[in-house]
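Undergrad: Quick paste from TrEMBL:
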type     : residues : note
DOMAIN   : 52-474   : domain 'Major facilitator superfamily (MFS) profile'
TRANSMEM : 50-68    : transmembrane segment
TRANSMEM : 88-108   : transmembrane segment
TRANSMEM : 144-166  : transmembrane segment
TRANSMEM : 178-200  : transmembrane segment
TRANSMEM : 206-228  : transmembrane segment
TRANSMEM : 286-312  : transmembrane segment
TRANSMEM : 324-345  : transmembrane segment
TRANSMEM : 352-371  : transmembrane segment
TRANSMEM : 383-408  : transmembrane segment
TRANSMEM : 420-443  : transmembrane segment
TRANSMEM : 449-466  : transmembrane segment
Amino acid sequence: MWGYQSEFSSIYKRMASRDSSSSTDMEANSGYVPDNSGLLIIDPPWKHSLPHVLVATITSFLFGYHLGVVNEPLESISSDLGFSGNTLAEGLVVSTCLGGAFIGSLFSGWIADGFGRCKAFQLSALPMIIGASMSALSKTLLGMLLGRFLVGIGMGVGPPVASLYVTEVSPAYVRGTYGSFIQISTCLGLMTALCIGIPVKDIVGWWRVCFWVSTIPSSLLALAMLVCAESPCWLYKQGRIVEAEAELERLVGPSHVGPAMSDLSKLDKVDTNDTVKLSELLYGRYFRVVFIGSTLFALQQLSGINAIFYFSSTVFKSVGIPSNLANISIGISNLAGSIVAMVLMDRLGRKALLLGSFLGMAICAAIQAVATSHSLSANGALYLSVGGMLLFVFTFALGAGPVPGLLLPEIFPSRIRAKAMAVCMSVHWVINFFVGLLFLQLLEQLGPHLLYSMFATFCLMAVIFVKRNVMETKGKSLQEIEIALLPQD
């Protein structure tokens with residue numbers, strides 16, 4: 001959370017630059033970087049905070065894993081539990097977790113503010129452990145659905161808290177890189193679920209193993225959070241100053257605690273009885289930042305990314321590519337884009353990646369629309385569809401996928417950060433649900449050409465929205481961002 005660029009309290013260490021030669025020597029030998037005033041600054045070591053960030057991203061791994069865990073085993077699950085051929089029941093097994101995720105996301109902000117970030121992680125892991133165990137042991141459809149719903153609650157709580165935590169414990173100069181770990185972890189979770197599900201057609205009851213496997217990272221998350229640092233920002237807001245200093249020492253090192261505490265002192269201490277009301281997020285001085293966050297998540301889902309994922313199997317099957325290979329290809333494209341985003345996040349910045357990502361997705365969706373044209377040969381159309389789909393997923397992973405979850409905790413003031421994230425994630429899940437629910441009907445009634453054209457239009461709308469409303473947060477402290485976005489009293 002700490003970006004130390006201001007004159008007094010926003011840098012860790014300064015030295016006067018007496019002549020250019022000595023400055024050059026110091027920069028080369030000591031890792032100091034000159035600021036605009038000719039003084040020298042040094043960033044806090046990133047190695048202290050990295051282990052805590054990696055533990056937090058386990059919840060994103062679980063998020064991806066549970067989204068993909070029923071992909072391959074669904075046919076076996078329906079056969080073993082006696083609802084084979086019932087498309088409604090199969091759809092419920094897939095989507096029940098989305099309902100749970102919506103409920104979990106609604107309360108995630110209040111949980112994170114009431115119990116702290118670390119305990120919120122543990123509370124998100126608990127229903128995922130219980131729910132996955134219930135699904136693995138289920139003998140009926142009802143037991144499976146209840147287990148999936150409980151898993152969904154944990155999925156709804158975990159990712160918003162992960163975004164909060166990573167933002168609040170990361171030094172500003174690597175905050176974007178650390179934020180990208182969330183998307184990469186999600187990709188790895190999804191790919192792991194798909195790979196573990198491969199033997200399901202050959203081994204009877206293997207689908208139960210797929211659910212049992214997920215309890216391992218869930219348990220690891222709950223246990224590891226016992227020794228991870230609590231967010232100093234949250235501790236400071238609670239008035240627990242000594243504890244905040246102790247956690248800062250673990251995260252940035254003893255020599256950087258003083259300036260980091262100076263930055264935290266700019267935050268308004270919030271009394272534990274000073275609760276944030278929903279009306280404060282929807283009206284008044286906080287409306288703009290909540291509107292930006294909610295709209296970003298809405299446009300992310302309206303871009304058609306989940307519909308593209310859903311339709312990918314049909315397109316790949318049309319050119320004779322097995323579903324396993326299709327899923328792996330999509331997963332690799334998603335992971336490759338996420339890795340590139342990690343490298344570029346703190347170099348190009350959040351806004352540049354968002355603009356490039358949405359523009360690239362608009363072009364890829366247009367390619368998909370052209371591929372459905374009757375003027376193209378059958379082979380040309382199919383291969384153009386496959387190429388456009390892979391590029392769509394890749395460009396999504398460059399910015400539209402990872403950036404909103406990182407950007408939102410950066411632009412939200414500390415007082416409303418957790419609860420505003422809960423509101424925006426709720427918007428995400430609602431749009432996600434309706435896109436999944438209506439996609440096949442729209443595809444049937446409108447046809448793929450018009451539907452892909454609509455996705456391209458939403459992506460272009462996102463480009464315009466980002467250009468006009470999103471500020472660049474790269475390298476800025478959370479306090480600087482708050483001052484820039486909020487009207488001052």
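Cβ from N, Cα, C; glycine included.
Unlike curated entries, TrEMBL annotations are predicted automatically.
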Undergrad: I'd like to know if the transmembrane segment (206-228) touches the transmembrane segment (383-408) in this structure, counting it as a touch only when three or more C-beta pairs sit under 8 Å and are separated by 6 or more positions.
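TA: Contact absent: fewer than 3 Cβ pairs fall under 8 Å.
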Undergrad: Restricting to CB pairs under 8 Å, which listed stretch, 144-166, 206-228, 352-371, 420-443, is in contact most with the transmembrane segment (286-312)?
TA: 420-443
Undergrad: Under an 8 Å Cβ to Cβ limit, what residues of the same chain, 6 or more beyond the ends of the transmembrane segment (420-443), are close to it?
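TA: Distal contacts: 95, 98-99, 101-102, 105-110, 156, 159-160, 163-164, 278, 281, 286, 289-290, 293-294, 296-298, 300-302, 304, 306-307, 310-311, 408-409, 412, 451.
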Undergrad: Quick one: find which recorded stretch in 50-68, 178-200, 324-345, 352-371, 449-466 has the most Cβ pairs under 8 Å with the transmembrane segment (206-228).
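TA: By the under-8 Å Cβ criterion, the transmembrane segment (206-228) pairs most with 50-68.
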Undergrad: Quickly jot the same-chain residues contacting the transmembrane segment (88-108) by Cβ under 8 Å, restricted to those at least six beyond its ends, or write none.
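TA: Counting only partners 6 or more residues beyond its ends, the transmembrane segment (88-108) has Cβ contacts under 8 Å with 66-67, 70, 74, 77-78, 120, 124, 127, 131, 141, 144-145, 148-158, 160-161, 418, 421-422, 425-426, 428-430, 432-433, 436-437.
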Undergrad: What residues elsewhere in the chain lie close to the transmembrane segment (50-68), defined as a C-beta under 8 angstroms and at least 6 residues from its ends?
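TA: Result: 97, 121, 124-125, 128, 132, 151-152, 154-155, 158-159, 161-162, 165-166, 169-170, 178, 181-194, 197, 214, 217-218, 220-221, 224-225, 228-229, 251.
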Undergrad: At a C-beta cut-off of under 8 Å, are there same-chain residues at least 6 beyond the transmembrane segment (352-371) that contact it? List them, or none.
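TA: Counting only partners 6 or more residues beyond its ends, the transmembrane segment (352-371) has Cβ contacts under 8 Å with 299, 303-305, 341, 344-345, 381-382, 384-385, 387-389, 391-392, 395-396, 398-401, 403, 407, 448-450, 452-453, 455-457, 459-460, 462-463, 466-467, 470, 472.
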